[in-house]
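Straight from TrEMBL, the features:
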| type | residues | note |
| --- | --- | --- |
| DOMAIN | 15-192 | domain 'Thiamine phosphate synthase/TenI' |
| BINDING | 43, 44, 45, 46, 47, 76, 114, 144 | 4-amino-2-methyl-5-(diphosphooxymethyl)pyrimidine binding site |
| BINDING | 77, 95 | Mg(2+) binding site |
């Protein structure tokens, strides 16, 4: 898995975020089905899990993501867990200090920050050590139905930050072209995959995301962070 300090990205990337599910076996099965499609990035997030379950699930995810060739793995909220696993962390408002996370995880760690609908928050996050920022909800969200909507104009307005900017919230595959046109670097998804009615449907939907991003990535210059793929998966 790849870590980085601060790199702008020229190629869009697919950022999978795991779902909330108190049933650990079901959670693993759903996530495994999605990982078969090899997302570019993956974030461990399961608000329904206990502390001990979080540790076990995060360890499992790191192993499965490595086997799938995922480039970047991130832990939601918990830099200590991220540090123990040697992966990145994503912090929201109230989840702890970005500065402390950077000091603890080191200069090459992937550290993300939720910036909601605030350009000023994004600027402050980068100054404090964030290596990417996330804006959202960009559309009405099933995961966070009360979330403030972030205007897509934020992505053009924050291009000079020099770090990847991720769109999250209410994203479906059909909406991704609109996001890319707005200047989004990474597209995060939860419900469009994990609200599917069966494991096979999750797998089919994830495969559609991979196929679409392979096509969009082939239309763009190379970026500095990307999963290693075989020649048959590259841009010909």
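For all residues, glycine too, the Cβ spot is worked out from N, Cα and C.
Cα of residue 45 (4-amino-2-methyl-5-(diphosphooxymethyl)pyrimidine binding site) to Cα of residue 95 (Mg(2+) binding site): a span of 13 Å. Residue 95 (Mg(2+) binding site) has 76 nearby among the binding-site residues 43, 44, 46, 47, 76, counting only those with a Cα within 10 angstroms of its own Cα.
Reported as a whole number, the C-alpha separation between residue 43 (4-amino-2-methyl-5-(diphosphooxymethyl)pyrimidine binding site) and residue 77 (Mg(2+) binding site) equals 10 Å.
Averaged over the domain 'Thiamine phosphate synthase/TenI' (15-192), the predicted model has a pLDDT of 96. In the structure as shown, the Cβ atom of residue 46 (4-amino-2-methyl-5-(diphosphooxymethyl)pyrimidine binding site) sits within 10 Å of 21 other Cβ atoms. Residue 95 (Mg(2+) binding site) falls outside any helix or strand according to DSSP and counts as coil. Cβ neighbours of residue 47 (4-amino-2-methyl-5-(diphosphooxymethyl)pyrimidine binding site) (same chain, under 8 Å, six or more residues apart in sequence): 20. Put plainly, the binding-site residues 45, 144 were compared by Cβ crowding within 10 Å, and the winner is 45.
Recorded residues residue 114 (4-amino-2-methyl-5-(diphosphooxymethyl)pyrimidine binding site) and residue 77 (Mg(2+) binding site) have their alpha carbons 10 Å apart, per Cα-Cα distance. One residue stands out among the binding-site residues 43, 44, 77, 95, 114 for having the most other Cβ atoms within 10 Å of its Cβ: 44. Cα of residue 144 (4-amino-2-methyl-5-(diphosphooxymethyl)pyrimidine binding site) to Cα of residue 77 (Mg(2+) binding site): a distance of 16 Å. The two recorded residues, residue 46 (4-amino-2-methyl-5-(diphosphooxymethyl)pyrimidine binding site) and residue 77 (Mg(2+) binding site), have Cα atoms 10 Å apart.
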